[in-house]
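A quick write-up on the structure given underneath.
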């Protein structure tokens, strides 16, 4: 029996007669994967090592978790598992043929691992070979596979089942990931008629009826017809299907879904959604350029003649030769299928030092104390992602042969191997009806979802989300009595309205709209785009102006009255996140986007928005709660639709917004927002609101109407809302009891009793005073209220996330970050030095405080 020098590259072989005897002690620990078991054979649980990596991947034959070479011993120490399947894909340069060139292409029969790769497995210059070995740890005995005759039957069956196991990220249940689409059998041989049809970028209408939604472009003859199936559920008259039955033209693409990353394609013959590997060529036949999303009369790019105004072009800096960036902090992320929103947000998050310290700085401790299944631990997955982005280990320049191949194919759009955040996305979206799908999402909504998870899983003494948290002071005034009420709430994002009325190019906009309508009526290409130019100062002014309060109940008048609300900053965060509220709802309830240009400043001073509290001469509204009205039929309770729409405009599902407003008793969008944050992980979060009969569930009635329970305990719904704002549970209960379970008054009570220290649970974390010398940290032991890092209101821009597309339901996200004094664009796997950062077209902006 020989010992293999596994980690030194040795290749010792076991005598065949000894294999069975060698494996006998380990047989009880070797399992055969069953239905429902997840086999992680493509990615390490602690890193982004894979069988493509230098050291390969080691898959535990008991837990089916994969580990890179540097993390294998950690799993062995923690579990005692000894038997691993070592998977490795080797890259070999092809031997030149007699003519001096590479040997002819042929499918490599030595590939048996189902791996994702950015490489061409049938390259002219490179050859790939997969190998699998059994490894017995810690002695590093090595058994080459296949070795069917010498191995025990159980081991052979287990190895075969593991090698053939499907991806753990495939669809398991209705709320999980989508099934992978297959390439259509018609894509390669599709015949396209040379009939001169050119498709305009807007103004589409079904050629057989008047429908302008749910339209499909037949890829054979260019017919635009309505559909009536899948994707968004919108209706139609089925003319696209009728056209297929008449002509036999099999493939159609849904208009409005075309992006540089692909499009939704349906095969009538195969009766399912499919992939079209040649979609760019098929669309170009009708004058559609997927990358630029612009149409010219001859179907060719005309960048030298027309100014580059397309949102897709400007934001992605198309047409400009960008220098690729490699190394620590310049790692790209693979798009998993509309996961660009996640990629953009996480790039911005891990550019912040506090998040780097909390996760990457604590990486050894997090990994050592991770649960037996690290794929299901938030902090482990955050640390893994942070290390993957910041280490530079997965951001290396391409090999010379790869670079030559890119140039020869005239597809020199440099991209790195980067990392694939599959495991991270699978965990962070688990149970969420939207994020667990492959549909496009709102980056702002995902940012809040992430912050909520960070709050729940704080590591060590530092909660990195503290840098975003700030207090908003809301001043509500009764217009009739002139009396006021001051209240505070927690927030993480400054939402700025788009002041369309302040556009500085109104005449141009009016002229453009007239030309656009004329072109649409005549079915001509639209005129050159004119984008509304909005001064940032106008957006800031709109934010600071008073807003009308719907259904305001004045405690001074003991009746409903007109009221106005003004918001100010009671504290300024360390990092200010600013969202430009570009998304609104159309008449069809579909989110739409305002295509505007806002001159966002590099340096921002909002010191004038500092809250001042009760002013001399102001008289407070009496601390009297509105009467509690419990209708005989709870269905009679009206839901404040204005609050519902405010929440829906933030990107939350409509039904979840209705539930939030209902279960918080119509107390306003702010209170309902906190309910959403506290309940968004629940499996029925986006299910329709079902109101029980009055006598069915007493606790629900108490939660909705604020009634006192029989045991005088506050409703758990209200307690959860207050806890979600950052307060301790005992303080939430005390405040609700003191205000007869009135949620709004309970919040006011908390802020008006800062001296209360008794019975407070010890704080789990304290602020890092050494690293925040310029901040006044209201988080010292014994102080009540949310942890904030107050300081000056002067900020500098260091990043922004931009959205391309017409709504949050479609499109693409890109992130720009300022690193080492220069702007860098992060467009999924492409990371390049930015030449023209489109700061005026961003959606979410990130500012850091300027030290005073």
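Cβ coordinates are placed from backbone N, Cα and C, and glycine is handled just like the others.
Annotations in TrEMBL come from automatic prediction, not curation.
Note that the structure is predicted; figures quoted are calculated from it, not measured.
As annotated by TrEMBL, active site, nucleophile applies to 340.
Residues annotated as active site, proton acceptor in TrEMBL: 812.
Positions annotated as Zn(2+) binding site by TrEMBL: 206, 209, 226, 239. Just so you know, the Cβ of residue 206 (Zn(2+) binding site) picks up 21 other Cβ atoms within 10 Å once every protein chain is counted.
The domain 'USP' annotation in TrEMBL covers 331-850.
Here TrEMBL flags 638-679 (among others) as domain 'UBA'.
Summarising the annotation, TrEMBL assigns domain 'UBA' to 713-753 (among others).
The Zn(2+) site, placed at the center of the C-beta atoms of 206, 209, 226, 239, has further neighbours from the same chain whose C-beta lies within 8 angstroms: 207, 208, 210, 211, 215, 225, 236, 237, 238, 240. The domain 'UBA' (638-679): residue composition by secondary structure is 30 helix, 0 strand, 12 coil, according to DSSP.
On a Cα basis, residue 340 (active site, nucleophile) lies 6 Å away from residue 812 (active site, proton acceptor). For residue 209 (Zn(2+) binding site), applying a Cβ distance below 8 Å and a minimum sequence separation of six or more within one chain yields 226, 237, 239. Mean predicted confidence for the domain 'UBA' (638-679): the pLDDT average there is 81. Cα spacing between residue 340 (active site, nucleophile) and residue 206 (Zn(2+) binding site): 31 Å, rounded to the nearest whole number. A simple way to gauge crowding: the CB of residue 812 (active site, proton acceptor) has 24 other CB atoms within 10 angstroms, across all the protein chains here.
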